[in-house]
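Engineer: Residues or ranges marked as transmembrane segment by TrEMBL: A:6-23, A:28-48, A:60-83.
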Amino acid sequence: MNPVNYLYLAALLFTIGATGVLIRRNAIVVFMCVELMLNACNLAFVAFSRMHGNLDGQIIAFFTMVVAAAEVVVGLAIIVSLFRSRHSASVDDASLMKL
Amino acid sequence: MSAQLAAAATLSAGTSTGEAVQFWILGTVAVIGALCTVFMKRAVHSALCLAGTMIILAVFYLANGAYFLGVVQIIVYTGAIMMLFLFVVMLVGVTAADSLKETIKGQRWLALASGLGFGILLIGGIGNASVSEFTGLGQANANGNVEGLASLIFTKYVFAFEITGALLITAAVGAMVLTHRERTERARTQRELAEQRVREGKYLPPLPAPGVYARHNAVDIAGLLPDGTPSELTVSKTLRERGQVRDVSTDALDDLKALEQRAEERLERGAVAPATFKRSEEASK
């Protein structure tokens, strides 16, 4: 099997995630699509790491995971506080900074 | 240790047929899971599909010799992050069904078209890359994957690692600040709430129970008013917002209709009566 197949899969997953961010209006689902994009990048990094025979790609993927965890915590807190003030998780309703 | 080294040796040799089979089967499932994440209507279903895709990605990491990352992917991503998503869906998601009304005209089709274009661009770009063979991680993983990663993190990437610690602390504090809510006014007592209801004259007695005058008394079946229409007041607000109220108001009438029809068939009316009427009409001619 050609190693480039892993890159194709990563590109496909990234594209699906990006399309989801554009299409969906529920903030939680948009956020999940962002996570999908991050995971696709991680897959590409791990495949690169094996292609070049060193572990730097895996280190980058590891840091991506840590940043994603921090991002999820803050993002979900923002969604919860938005939901409290607007009673909706739709990204259309959050067009103004204040109520 | 020898088994690990053997595995590392096979990794350095390139890809096996087994890995190709695994890639095509699991890759298909991963893409289907990703598509379901985007196109499922309810956020819970999206979250579960995404969790499946992430587990498959963990298997791919393991197959690519990233043993530590594969385990971390399952524990941190699928175990912690997706469960956090599910918690928030439970907190928020009851009323958070996506509205299907487009606020920007043609946005959905434009988004699909640009997504397709982006995908073609990306995949075309990868197609131009000349990658034929894996170098393999046999040498890098020789002392074990975790040891290899640790020796890199604590030497070459130690500064980034320390910054990551600061980031995690900031994120934890940020989440607490964002979700913390100080109660600025005193909570109203039961007496004050009752007085307010009387003043507004809205609905004074306790809410009616579900299923009153209906044929079942399950909580998701609205009670019937004397004229047979279901009353929204009898079903809890959560069920109403989820759209899970069952309507049985027409069941009694349907049953009655079926009973009448069966009685008519038993008495052999219906088919016979028009015929006699016709005959009498002919007789009058």
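Every residue gets a Cβ built from N, Cα and C, even glycine.
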Engineer: Do any residues, 6 or more residues outside the transmembrane segment (A:6-23), come within under 8 Å Cβ-to-Cβ of it, and if so which ones?
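Structural biologist: For the transmembrane segment (A:6-23), the sequence-distant neighbours (Cβ-Cβ under 8 Å, at least 6 residues beyond its ends) are 29-30, 32-37, 39-41, 43-44, 46-47.
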Engineer: Go through the chain and flag residues at least 6 beyond the ends of the transmembrane segment (A:28-48) whose CB is under 8 A from any CB in it; none is fine as an answer.
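Structural biologist: Apart from its flanks, the transmembrane segment (A:28-48) reaches 3, 6-7, 9-14, 16-18, 20-21, 57-58, 60-61, 64-65, 68, 72, 75-76, 79, 89, 91.
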